[in-house]
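Enquirer: Structure below; questions to follow.
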Amino acid sequence: MSGSIASYDQLVRQVEALKKENSHLRRELEDNSNHLSKLENETSDMKEVLKHLQGKLEQEARVMVSSGQTEVLDQLKALQMDITSLYNLKFAPEVTSTGRGAEESPPGPASQRDGPGELGRATFRMLEELDRER
């Protein structure tokens, strides 16, 4: 009889330990869910900013090309590099912390071709990368 009481007490302790672990895992899941929601909101906000910037840059590039002002295009390319650098500063630590390597980060300015159309494609690739991460 004492063996069954010991087994019962052992089962009660195991159930309590499992309940604690379950509570811990639920809290962790809730924290992860909140963090994911925050990242989705940031991604959405960043997409809107990038769309706005892309539209302005493409419009300005068309105007500059039609008027023959190529020095402004060089300024736009520099701005694209700044945007890419800002993106890398903001998102690179999070990408690395999720176990993804640098090979999955968006291409830097050195890997992008020159030209006003490439600016839109590069921005589009960044948005696609954000969607994949989400």
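Glycine is treated like the rest: Cβ placed from N, Cα and C.
Unlike curated entries, TrEMBL annotations are predicted automatically.
As annotated in TrEMBL:
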DOMAIN    6-57  domain 'Adenomatous polyposis coli N-terminal dimerisation'
REGION    24-43  region 'Disordered'
REGION    96-121  region 'Disordered'
Enquirer: Calculate the per-residue pLDDT averaged over the domain 'Adenomatous polyposis coli N-terminal dimerisation' (6-57) and state the result as an integer.
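Expert: That stretch averages a pLDDT of 93.
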Enquirer: How do the residues of the domain 'Adenomatous polyposis coli N-terminal dimerisation' (6-57) split into helix, strand and coil according to DSSP?
Expert: 52 helix, 0 strand, 0 coil
